[in-house]
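Everything below concerns the one structure shown next.
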Amino acid sequence: MPLSTVALIFGGKSTEHEISIISAKSIAAVIDPFRFQVLPLYITHEGKWFTGEFAENILQLDLAEMLRSTSLDATGNTLRQMAMHTGQQGFDFDFFKAGIDLAFIALHGSYGEDGRIQGLLDTFGIPYTGCGVLASAVAMDKALTKLCVTEAGIATAPGITILSSEYFADPKSTQKSIEEQFTWPVFVKPASLGSSVGISKVHHIGELIAALETACRYDSKILVEKAMQGREVEVAVLGNNAPEVSITGEIEPGSEFYDYADKYIHNAAKMYIPARISPELQEQVRKDALRAYKALGCRGMSRIDFFVDETSGTIVLNEVNTIPGFTDISMYPRLFAASGLPFNELVEKLLQFALETPSGARS
């Protein structure tokens, strides 16, 4: 029986480019070589597609060490220089349409997790891992996610949405509105980025301008939310029509909140599996995660994050990640490993779920 060809798509134009490469490297290492032939497909920061030797060489890089020893900018510049000096030509889309049986999407953030690559694959009729166009797009937008899960009866942090154009047209009015509606601290975040990129915790009015301008550099829509008390608790969900829910996990940030540097550079955060909350709260978090997954129309996989206040028993949904990280420190594979599903079997199941769903038949 001939092997099925899996396009492992990684890199991309988002600020999470480097993390995508680390995820793809982990995934490639465990795909069953007796069932699947892996075709690495690397997308540069500028959006140029490569396969073959150059893509394979990118997968061999120790990006995790590069991020720790240099910086995000320096690592990105190294990758750009490699792309500029490769003699290889760009990707042949005719081959893509004819030679791929399914795709494992290992892209994170914009242009990968937001429905765009999913729409392209649907157009070509290629099955792929994870959520479809609509669920991906809605979950990527934190403001839209809040609307959807609130309708399903799931609590979210009090917040408002601000367009960057509104802020720049009248900064003082925006600041005044925020000050009148919230007590400090608040979080200011781009509506559609992951890995905590562009997020600031604001403790007083003097920090607000810098936080708003930082968020506006990354997105045209900004979310301002009340900072919630409690533990950061995460749940992994896997499946299509009958999703499985992992046990809970907890993040204890190494800094004031779980930001990009804490996640991928300093590695200072502590993880607890299961989360240090009561069994009753753990079960309720798992139920809320499944409700959110279904409300958004998710398929394949998602990691769903909450704030849990044990004193009050309050559970608040923070965000839904439709393509969670697959790095050595990523919570999604760790949660399923702790639930009895090893990493290689997790990847195998994701490929099976992709093949179960005809392209274009998912939300």
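A Cβ is built for glycine as well, from the same backbone N, Cα and C atoms used for every other residue.
Listed in Swiss-Prot for this protein:
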DOMAIN    146-352  domain 'ATP-grasp'
BINDING   179-234  ATP binding site
BINDING   D305, E319  Mg(2+) 1 binding site
BINDING   E319, N321  Mg(2+) 2 binding site
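On a Cα basis, E319 (Mg(2+) 1 binding site) lies 16 Å away from K221 (ATP binding site). Within 10 Å of N321 (Mg(2+) 2 binding site), as judged by C-alpha distances, the binding-site residues found are D305; the full candidate list was E179, T214, D305. Considering only the binding-site residues V186, L193, M228, the Cβ with the fewest other Cβ atoms within 10 Å is that of M228. Under 8 Å, Cβ to Cβ, and six or more positions away along its own chain, D305 (Mg(2+) 1 binding site) finds E232, V233, E234, V235, L317, N318, E319, V320, N321.
In three-state terms derived from DSSP, E207 (ATP binding site) belongs to a helical segment. For the binding-site residues given as S200, T214, N321, the lowest number of other CB atoms within 10 Å of the residue's CB is seen at T214.
Residues within less than 8 Å, Cβ to Cβ, of E207 (ATP binding site) and separated from it by at least 6 positions along the same chain comprise S200.
The Cβ neighbour count for K221 (ATP binding site), using a 10 Å radius over every protein chain in view, is 19.
When the binding-site residues E179, E319 are compared by the number of other CB atoms within 10 angstroms of each CB, E179 has the fewest.
Secondary structure from DSSP puts M228 (ATP binding site) in coil.
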